C-alpha cells in the first residue's frame, strides 16, 4: 500500500451544520514544493506511514512545508473503531521489525530537531505495541542524538508493564489524547474509557514525564463538559494541551454537531492557562502535533533529564 496515495480531504458532511467561513481553508493534497517533495520522498522510499495522511489532517500542507511529520507506527490498521477517526479499522498485519530502523533513518535524513511518533491501537499485541515504540525511540537516539522525541500513545489498556517499557526508552514528551468529554465516550469512542485515560495520564506525570493531552470540540459537548474535562486533565498531571475542531472524515463517521467559533477557542485557551496549563494550542485547525516542536522548546526547562 502506498501511504501517500491521494484520498479525499476532511470536510463537513453534515448538511444540517453549514461549513462556516473560518473553516473554508485550502486543505488539498500538497503540491511539489521542495520541502513537501523531501518529506514525501522520505516517507515513500522507506515505506512508512504518517498520521498526517492516514487521519486526513487539515494541516498536512502546512506541516510538510515545514519539513515536520508525525510517523505512525505499527501499521495503518487499528483494532478500535472510534467514530471520529479516519484511520482504517480491521485486523492488523504483524509488526514490521525493520520499521524502527527505517523511521530512525528517515528522521536522520530529514534532519528533524523534534519528531512525533504515534501508532494505531494494537489490542492484538500483549504490550499494545509499547516495545515497538521503545525500539523506535532507541533507534532515533542512536542515529540522531540531537532530535527530541514526543510520543502520542494509545491507552495500552492502562497496563503497568506496557507503560514501563515506554518509560525505559525516555521520550521527552508523552501525549495521550482524551479526545472528548466524559459524557460522549460511550457514543464517540466506546472501546476507550474516560477514567482509564485519566489514570494513564496521571501515571505518566507521576513518573516525571512532561505530559500532554488534547480534546476536539464540535461533537455535542457543553461548555460545562469542556470545563470539567480541562479540570480533570490538569488534576491528573497534564501540563500541555491542544484544543481543536472536529471535522467529519467520511459519511460513516459521527456528524459534526457544531462549528466552534474562533473567539471561543481563544476563550478556552485563556481558561486553560488560568487553570494552570503551561502551554496551550487552541484553534479550529489545531491538532495534537500542531507546532509540537515550538511548544516543546517552550517547556524544555521542565523536561526530565537523562
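Using the three backbone atoms N, Cα and C, a Cβ is placed for every residue, glycine included.
These features come from Swiss-Prot:
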type	residues	note
BINDING	52, 57, 63, 289	[4Fe-4S] cluster 1 binding site
BINDING	78, 82, 85	[4Fe-4S] cluster 2 binding site
DOMAIN	64-278	domain 'Radical SAM core'
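Shown here: features listed in Swiss-Prot, placed on the structure.
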| residue | record | CB count, 10 Å |
| --- | --- | --- |
| 78 | [4Fe-4S] cluster 2 binding site | 23 |
| 82 | [4Fe-4S] cluster 2 binding site | 19 |
| 85 | [4Fe-4S] cluster 2 binding site | 21 |
| 289 | [4Fe-4S] cluster 1 binding site | 27 |
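For residue 289 ([4Fe-4S] cluster 1 binding site), the nearest neighbour among the binding-site residues 78, 82, 85, judged by Cα separation, is 85. Neighbours of the [4Fe-4S] cluster 2 site: apart from 78, 82, 85, residues of the same chain with C-beta atoms within 8 angstroms of the site's C-beta centroid are 80, 81, 84, 86, 87, 89, 120, 121, 189.
Mean pLDDT for the domain 'Radical SAM core' (64-278) in this predicted model: 93.
Taken residue by residue with DSSP, residue 78 ([4Fe-4S] cluster 2 binding site) is part of a strand.
Classification of residue 289 ([4Fe-4S] cluster 1 binding site) by DSSP places it in coil, neither helical nor stranded.
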